[in-house]
């Protein structure tokens, strides 16, 4: 076993033993989800986000790819893709860091200290600089709507009203049998 794969395995085990819920995507150890709780004392406290983590072949020499699965309103997180703008992960990553650092230091710091001057979500950055109370209200609304602890990992709620109808409520005329079957 090569050194990067041993390190990947060790870091993943360390993360799992740190009381994080980790869900593997497949048999390999390169792609998984982690349930991340908003840090205490932040606007995000009480929210839970599913974080998608992808480890490159060269991990730990190359940084992991980190993204929020459920929506979060934050200047440094792309609202549509969930991509994170974080210098430590994107530019100054070092093999000295591990996955526990990402979830216990880097992401909490990101949520506690948003940087409106380097935004991925321009609307959130502008609102934060222009009207702090309105920004804080929108963060709380997103937490209540998209980061409920009981809904993390549940299927998306973006169904149309037609999809939500049960079979009993939806009368489909193509189910009626016309004529006699061929014998």
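Note: Cβ is positioned from N, Cα and C throughout, glycine not excepted.
As recorded in TrEMBL:
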- 85: active site, glycyl thioester intermediate (ACT_SITE)
- 146-159: compositional bias 'Basic and acidic residues' (COMPBIAS)
- 160-174: compositional bias 'Acidic residues' (COMPBIAS)
- 1-148: domain 'UBC core' (DOMAIN)
- 146-183: region 'Disordered' (REGION)
Handout entry: Counts of helix, strand and coil residues, the domain 'UBC core' (1-148), according to DSSP
Key = 57 helix, 24 strand, 67 coil
Fill in the blank from the handout: When pLDDT is averaged across the domain 'UBC core' (1-148), the result is 92
